[in-house]
Structures are given as structure tokens and as C-alpha cells.
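Asks: Pasting the feature list from TrEMBL:
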- B:6-27: transmembrane segment (TRANSMEM)
- B:67-89: transmembrane segment (TRANSMEM)
- B:132-158: transmembrane segment (TRANSMEM)
- B:179-200: transmembrane segment (TRANSMEM)
- B:251-274: transmembrane segment (TRANSMEM)
- B:281-302: transmembrane segment (TRANSMEM)
- B:382-400: transmembrane segment (TRANSMEM)
- B:421-443: transmembrane segment (TRANSMEM)
- B:492-513: transmembrane segment (TRANSMEM)
- B:534-558: transmembrane segment (TRANSMEM)
Amino acid sequence: MKQNQNNFLFDRTLLRRSLRASFTKLDPRQMVKNPIMFTVEVVTFAMLLLLVWIAVTGDTSQGTLLYNSIVFLVLLLTVLFANFAEAIAEARGKAQADSLRKTREETPAKRIEPDGQSHIVSSSALKQGDLFECVAGDTVAADGEIVEGLASIDESAITGESAPVIREAGGDKSSVTGGTKVLSDRILVKVTARPGESFLDKMIALVEGSSRQKTPNEIALTILLAGFTLVFVIVCATLKPFADYVGANITVAAFISLFVCLIPTTIGGLLSAIGIAGMDRALQANVITKSGKAVETAGDIDTLLLDKTGTITIGNRKATNFYPVDGVDKKAFIRLCVLSSVADPTPEGKSVVELGAAEGVRIDPVSMVGVRMVKFTAETKCSGVDMPDGRRIRKGAAEAILRLAAEQGCACPAEIAATTRRISENGGTPLVVCENERIMGVIELQDIIKTGIRERFERLRRMGVKTVMVTGDNPLTAKYIAEKAGVDDFIAEAKPEDKLEYIRREQQSGKLVAMMGDGTNDAPALAQADVGVAMNSGTQAAKEAGNMVDLDNDPTKLIEIVEIGKQLLMTRGTLTTFSIANDVAKYFAIVPALFIASIPSLGALNIMHLHSPESAILSAVIFNALIIPLLIPLALRGVTYKPIGASALLRRNLFIYGLGGVVAPFIGIKLIDTLISVFF
Amino acid sequence: MNTEILGVILQWTLLVVLCYPLGRYIAKVYRGERTWLDCMAPVERGIYKFCGIDPAQEMNWKQFLKALLTVNLFWFFWGMLLLVLQGWLPLNPDGNPGQSPDLAFNTCISFMVNCNLQHYSGETGLSYFTQLFVIMLFQFVTAACGMAAMAGVMKALAGKTTKTIGNFWVFLTRSVTRILMPLSLVVGILLVVNGTPMSFDGKQTLTTLEGAEQVISQGPTAAIVPIKQLGTNGGGYFGTNSAHPLENPNAFTNILECWSILILPMAMVFAFGFYTRRRRLAAWIFGVMLFAYTAGVIVSVWQETAGSPQIDRMGIAQELGSMEGKEIRIGSAASAMWGMTTTVTSNGSVNSMHDSQTPLSGMLQMLNMQINCWFGGVGVGWMNYFAFLIIAVFISGLMVGRTPEFLGRKVEAREMKIATLVVLMHPFLILVGTGISAAIAAANPEIGWLNNPSFHGLSEMLYEYTSSAANNGSGFEGLGDNTPFWNISTGIALIMGRYFPIVGQVAIAGLLASKKCIPESAGTLRTDTGTFSLMTFAVIIIVAALSFFPALALGPIADYLTF
């Protein structure tokens, strides 16, 4: 999915749609939201009036009609380029959302009426609170929560992930998304969001601008840019009496050009595109944001709460070692272990069978006839099998098995305690195995830390983000894994309240906290966190509480989100710097051109040796206009974030965009001047 | 010539070396720590008791500003009354009459805002009573007012989250009793020793060597000159300010007075570092300011000592440099140094005619005032830099991918709004004022304001508004500014140029202070680095200096190129 998204920029229909939008956005009522480009539109209109006046009177004291027409066209292009930047960002976001929405077009739904009858209706007729039924092969008609049943569901339409997932009523995996496909079984779903009001629809509205609100940072930046614009209004307006006083005649076109070149049009034109592109990038990462602000806040995150399972470690624990007690043959012990796990469907159980196979112990399922399974219950805290020959094989937590043995009066071998402690200290979980209440040995289960996760945490640390691992493990195990994975802190034996408490404490010391969660009991913490990312598979409550929804259910996504947020702010900052730095060269291009006719000695300021006053002014406005489309790809892609520390980052960006911003227009204006000097 | 340059270097060194310990002392004064001037405590207690002030009361930024503005209003009425009635008041041996209400208004406003633009001459326009109880008093209290405002800002930025920023009255009183008074006393005694008069006798009539009679004005000059310099006031006791031989008798007093101009603004930068315990940041701010100031001094000294090309063309030797409008006992280098020093601060006292300096010196003097934050007025200069710092923090904060923060406080829309307005106000006052006057002058060529036509004339008008808005008070002169138009329009610029920034900057500090303090992390933008200082410098140059580029191009630059 990621591949084709990069091509959106060059997609022909998108371009056509954006081009059309650039013109419709000329509507002053829309333009006024962007004070900088609005002033450009106003002075462009003034230029138009001047053109009419010249055409009617034939007066050329303001320059020729051709010259003024070119200035007018370039100014108009400046506005159009800015509009185009916004339009293409919107179009990209929309296209992305549309491709997601396609999956949720009209589908038939089997609605269950209050009387228990089922009727086939269109998905658009579903209302919040309605119940509908899905069986294998059906497409889920609307977002909802499973109230009855269990099903495996293909969510590839939304997530791009082809492996089916299990969703069931009750618990934390009860949510289904419209457009996904039920592969097996039957479920009864309660509609939680009316079609058109789902998160995706909210996001589309956000991207399209109808409900888009400026984020706090964007407002502050707009204020600053409006301030700069005002300074240049004053600078240009007062230049008129100064020039009159010293007897220099300045044309209207020159005044307007000076003004438009000095005000920060580059950032002004790209500002909203940058904001939308931030949300687009989140969407590309399959994250639906409920507001633009959330993306921005993500860049500021100081503390990241991560669940151990799935984020830091690969899903589940794996068996890594068998430790028989003294006097028990290893092969025989392994055989016991495998027997106890053959019918165990949990990942831990499967891993025991796998490890056994690796050690050369295989059990033919045929030989299992007559074996009775004993399921794991919260009460016994162990599971196992009863063999036809009367042997009872059990495996479970150390305390549970030891108690079982003690009840039967069996002695506990001395080395068991030492082995289990050693395993715990190394971050593992010991499982004790007994046969007829006689303790036979220990299986070591280890958490497998994801490859590369240490490097990611290192990267986060360099960004200034503190990582906190949340786990239900005991403190010993938690500490070991925390150290091994390289997280900064951990919460062991965590209950949902602990998360909330931790978040509150961090926030009290002024930090911004992000977390990811899926369960209903995560909801308070998700709401409390500054950035709460709910997994799409999570419960409705969790999704409502958070301010982002991750369609991939990928716990490491938070790291990407933080980078997207940082990129968003950086792009704004660097383009502002670039835009303001440009002014240096523009002053030196235009100011001598304004006065050179009346005060020839000011030609000494023409350090670029531009050809003529007209060519100088035209090159400056043309450069000013062209730089906007040239920077659109950067605005949409975002400035690359490198976690090299704030000071180094500032040095780097100041060098590229600050110094570059001073130098680039000198080169650009001189080049354009060389080209057009043939005509002017 | 070499001795003159050595004098300039000596003075520069004395400033840089002494401002550091003084800054530490000032920080201690505002922190209320033990200093060797604790003997002033009973005096201060007396003042608090007399005025009914509770020194332990903590003010929030609104209460702080209310106190500041109220006392300024009180001073205004106090000054008006005394100036108009001075003819009937004691200590008037020369029998000078009271000022007319409009002149009193102008004088009062200008001294109240620490600007000291003078439309009168001290010899005839004031009595000794008003020299002491309006001029000198205002020179103490308005300087202290700026320092107190900065103390409030420092308090706001120093601590953890706080709603209060200290007690204005305490800061004000301590600034006078523990900083300005003792320093003035030392400088005053040195001046008296060197021949500056300190008496209450009236004019003295002397017979000159040629046998002619000359009437010499005198009075309590040595009491007023020190605070004139130390408090970045600049309003001279005599009409010709520190070019007058009794106000500034010799090369030593010239060095002493020039040193007095800059020492407190420089020390305030370090005081900020000591007070907030961010000495590295203070050192970098100091570095940026010192760089800009020193660069200006080098260019100006070079320009003035090189002499005027026009006089060169006449075939006249200029070993002493360009001496038009300069005092022979002071010399061209020291005059250039003074010109830069008095314009980087909001002092405005002069020891030469700025109008007669070479165009580039004139441009740098204007640029210093247009930027108005290379050290600047006591307290307020640093606060102007603070406003630019906020803007630089905002842009660079975004550039490193974080919501901008300064000293652990988030800079958001409200602070940006105020900072932008404060930064905007300065070019607005200067350019709009000059624009209006240029339009009037262009429409009525016979209006007779200007001594010089064309570019230099524009420079004269630009300088006048620049000096007013920057609360500097120096005049380019050569401008007939004692007309209703200039009195009123510069008066507006004076008031706006003083209170608007102070209110804005204290408000920003107050708002920041009440925010949650964010602990620093690897992602936090450090403000005490060279890169960030460069960023601030660039913001100041591009935003403040370059917006005057078109105006300067038509004034001093055109002047220089056609010189």
C-alpha cells in the first residue's frame, strides 16, 4: 500500500482536480482565512485595476501594458500556486481516504428487528444501535461491536494485513470495522457509528477542510506571519512619501512587487498544505487522527507508554529450555512436557511442542487416543493431560504445582527453587511440570525481544522521548526485559489504574505522554494521555477515548506517529526560516531597481548586477512565485527528521534552510534575470 | 591618533571587565541576598513606611504593571506642576520663568519615558529646583522603573511555575538605593574633582582674556550628570549636553561618562544570568550584543578618524579625522565611540554633533536605535531583546520539531501575539512618523524644518522619530523641531515607544511564568548555544534592521553614495 501512495503526487486525475480547485479557492471568502495570501490577492486585484486603467487611458507613466500585464500574471500565479499546494494536499488525503472508503460502499446487511426477524437492508439504512448478523462470507456492513459470537475476520481491506484475525464478543477484541470480511462462524454486531460518522468519515471531513481547524501552533505561526506582513505593509506604504520627498518616482507595479516579495508568501502559501500533509502521512501509516492537533502533539511527546507484549516482545513467550530434576532422564522429561502441551492451544503450549520437536521428541497424535485434556483455569493455574494409563501430567506456575505436590505430600526437590529464581532473574517465566504430583522439572519460557527494538528505543532516546514498558510480569522479569530492550522505565504487575496514575504523575511534572491501548479498561488512560492511540481491534470505548486509531493494530506505530508530528512542526519552521531569509536577496534585487532611475548612485546597491529595473522586479516576483510549486513536494513529504539532538538539528536546518534561504534567491533571481534580460 | 584609539580600547575593556561583577551584584540586590549595601535597609524601610507599601506583598503581572503605570502617571502630574510653577519656587537664582504648559508637557513626557528629548536649554529653561526635583528625580526613578520591570521579568523566568513576579515597589526602591545612588555618588565625586560645578550659586560673570565679559551658567551639575549617564537618560544639564566643557571637562571625564552610559545595560544582561541561574544563556546574549556594538564602534571610529572626503577634496589636511561638530579636547575617535554607545543604549546624551558625523556613522547610529536592543536602555533594552528571543525561540523551536518553549515554558499564540505587536510597534512609529513628515515636507518645501535638503534632510526626520520611538532622546539636530507638529507627533511616539513594549514584555513574562515548567530533554531546544544566538541575531537583522533598509537607502546610504 505504501508504494502506490508516493505516486499520488503525479496522478493525473488528482492534478486535474487540484488545478480546478486552485481557481475556485480564489473566492475571497475562502482566501481570507489565510491572511498572507489574501493580501496578495488584494494587491493582484489592484494590479488588474491598473491594467484596465492603462488600457483605457493609454498612459504609460506606470510602465508599458505588457510589463504590467506580466507582473499581474505572475502575482496571480503566486496565489494560484499557493491554492494548488493546498488543493493537492487535500486531494491526496481524499484519495487516500476514498480508497479506504471504497471498501465500505453499499453492502447488504442482515438487520435483526426487535421481534427477532432478520431483514436484508442496505448498509446505509443502518442506524446507531441497530443489530445485524454476519456469517462466513459476509462483508461487515458498518462499524460495530460484537455482542454475540466469535469469528475470524479478514481485515486486509483496511489494514493491508492478509492474516485473518479473531474477533469475539466481550473482552478487548470485540470491535469490527465496516468493509472487512467475515471468514468463519457467525457474529451478531451492534452498530456503533452511523455510516458517514465513522472515524474515517471524520478524518475525510478534516482533510477536506470543512471541519478543519487550525492547530494552536498553526495559529501562533499565522499570527507571526501576519505580523511580518503588517511590517511590510508599513515599509512599503511609507516608502511612497520618502520617495516623493527625495524626488524618486516609483511605479505601482514596483511597489506591489516589493510588497509581495517581502511578505512571507512561501510559507504563507504552503502553510495549510503542510498541515494537511501531516494528516495524510498519518493516514499513509494507517493511522486515523481525530484532529490535526493530535498529530502535532505527538511531536512533543516526552514519555511513551508501551505494552510489553507485542511491542517489545514478539507476541508471546516461547519455551527455550527444559530442566529436569536430578534423577530424571532428560529425554523422558521432554516427552512429559510435550505430552502435557500437545493439546494446549496457547502459544506457550505450542512453543513447548516445537522445542520438543527440535530436541527430537515427537508425539504421534494417533497415540493420543483416550487422553483426557485438563484445561487451564484461573483457579488451578495449571493445565495438562490425564493419560489412559492413569498418569496425571500437569504443568503450570511454580506456586500452583508446588502446592499441588505439597497437598499430596510429595517432597519438593531442592534445586527447583534455585532454578525458578534463576529463570525469573533472566527475564524468563518458569513452568513446573509434575507427574502424579511428583515434580519432574522446569520448562523455561522466555520473552523474545523483537529484533531492532533496542535501536528504535535508542532513536527515541535521542529524540528526547522517555520509554516506559508496561507489563503484567513480576518486577524481576520486568526489570530484566526492560534492561535487555533498552527502555528507560517500566511498570511491573501493572493494573489499568497504574497506567493512569503513571500518566498523571508524568503530566504533573509538565511532560506530554503518549500511550497505546485497546481494552475498555485502557479507556481512562487513553483519555488522560495527551496522545492516546487506540487499536482498531480494540473496544469502542477505547476508540472513543483516544485521539487516534491505528488500523494496523501495530503497537510500535507510536514511534512513527511521533516522527510524523515532529516532521510536521519542522516543515513549518524550516519553510518559515527559508521564506524570511529570502527577503535579504529580494531587498537587494528590488530596492536599487526602485530608485536607480532617479538616484543613479544607488546603483552601487545593485550587487547582483541585474540588467534593468524592470527585469530586476520581474525576476524577483517570478522567483517568489516559482519557489512555491518547487517547494510543494517538500511540504507534502515533510522535512526529514533526524534524531541528532535539538541543537545539532537546529544547526543543520539553519544551515540548509537559513543559509540556503539567503543564497538561493541570489542565484535564482540572477538566473531569471539573465533569461528575461533579452526582453526587458 | 593612536592615543585616541587606545582610549577607545581602554574604555571598551573597562566596560566588559567591570559589568560582570556588577551584574552579579545587581542579581543579589533583586534576589534580596546579603550585599555590602545592606546599610540602606533602614532607608528603604522608611520609604515603604512613608508610602504605605507592604514590601512582602507579591504581585501578579497585572498588579505589577498597574503599579508601574500608576506611579508614572503620578510623576507626570508632579513634573507638570513643578515645571509650570518653577518661577515661584525656591532655588532659582537666575530668576528663570515657569515653562509654558505645552513645553512643560513635552519636557515632562520626555523625561518620564526615560527619553530626555529636550526642547529647552537647561541654562534658561529650568531652575535649580526643577533641575533637581524634576529632571534629576525623573532620571533616577524612570531608570529604576525600567530596571524594576526587568527584575519582574527575571523573577518570572527564574522560578518554577508562579503566578507572581515580585513586588514592583521593592524593585523600584532597591534600584535607586542600592544601584543607581551609590554608583552616581562615585561618578559625581570624580566629576567634581575634575572641575564639574556643584553649587547653588547663580550665573557667574567672568572677564575673558580678550577683555570681554562672559556670563557662565553653573549650578548642581555634578549631581545630575552621573545619573544622566548611568540611567540611560541623556538629558543634559546644559543645552549642549556633554559637549559642554563644564558638563564634560576633559578626556578622563569623557571616558568616565561614556563608561557610565553602557555599564548598567551591560551589567543587566549578566544580572539576568545570575538571577535566573542561566549564566551561559546570559553570556551568549551578551556576546551577540557586544558583537553588534563593537562592530558599530569599529566602523564608526574608522569613518570618523578617516575624515570627510569633501574636505579632502578641498585640499585641507585632516590629521585629527573629521572634526566638524566635534570637540577638540575629546577628538574624533572618542566622539565616534560615544555616538555608538549613546545610540545602542537609549541614552541619547551627546558629546558631538551627530548631524555632522559621516553618513555611515549616522546610519549606524540610526540602525542602533532602530534595532534598540544591543544592550539598550537600563532594563528595557534587555527586554526588547527578550521579545526577539521569543520570536527566535518560536521559529527555531518549530525547526527542531517541537512546540517552541523558552526556559521550559511553552510559547503559544498569546505570547506570539504580544511579541509580534511589540516588535511591530517600533518600525510602525518610526516609519509612519517619518512618512507623514516627509509627505508634509515634500508638499510644503518652504516649511523650514530642515537645515539640509534631499537625502540628508530625510535622515534628519528619520533620526528624530527613531530617537523618539527608541526613547533615546539624542537629536540629529539640524531639524527645527520646536513646532507643534514635532512636539505632538514625537510626543506620541515617545509614549507608545515606552509603555507599549514594557507592558507587552512584562505580560509575556507573566504569562510564561504561570505555565507548567517542562523538564528539559534531549529534544529540548537549548537557547544557550552559539547556533541559537546566531538565529536570534539573524531574526533581529532581518526583521528589525532590514525593514528600515528602503528608508535608509534613501537617507544615509544615498547620502553616503553621493557624498
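Every residue, even glycine, has its Cβ placed from backbone N, Cα and C.
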Asks: Is it the case that the transmembrane segment (B:382-400) and the transmembrane segment (B:492-513) touch, counting contact as three or more CB pairs under 8 Å in which the residues of each pair are 6 or more positions apart?
Replies: yes
Asks: How about the transmembrane segment (B:67-89) and the transmembrane segment (B:492-513): at least 3 CB pairs under 8 Å, pairs 6 or more apart in sequence, or not?
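Replies: Contact confirmed: at least 3 Cβ pairs fall under 8 Å.
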Asks: Do any residues, 6 or more residues outside the transmembrane segment (B:492-513), come within under 8 Å Cβ-to-Cβ of it, and if so which ones?
Replies: 60-62, 64-65, 68-69, 72, 109-110, 113-115, 117, 146, 149, 152-153, 155-157, 159, 161-163, 165, 380, 383-384, 386-387, 390, 406-407, 409, 411, 414-415, 418-419, 421-422, 425-426, 429-430, 433, 465, 468-471
Asks: Using a Cβ cut-off under 8 Å, which residues of the same chain at least 6 positions beyond either end of the transmembrane segment (B:534-558) come close to it?
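Replies: Here the qualifying positions are 288, 291-292, 359-360, 362-363, 366-367, 370-373, 385, 388-389, 391-392, 395-396, 423, 426-427, 430-431, 434, 455-456, 458-459, 462.
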Asks: Could you tell me what the rest of the chain brings near the transmembrane segment (B:132-158), counting residues at least six beyond its ends with Cβ under 8 Å?
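Replies: 27, 30, 61, 64, 68, 71-72, 75, 78-79, 82-83, 91, 107-108, 111-114, 116, 122, 126, 165-166, 168, 171-173, 175-176, 179-181, 184, 220, 223-224, 227-228, 230-233, 235, 237, 264, 268, 271-272, 275-277, 377-380, 382-383, 386, 406-407, 409, 502, 505-506, 509-510, 512-513.
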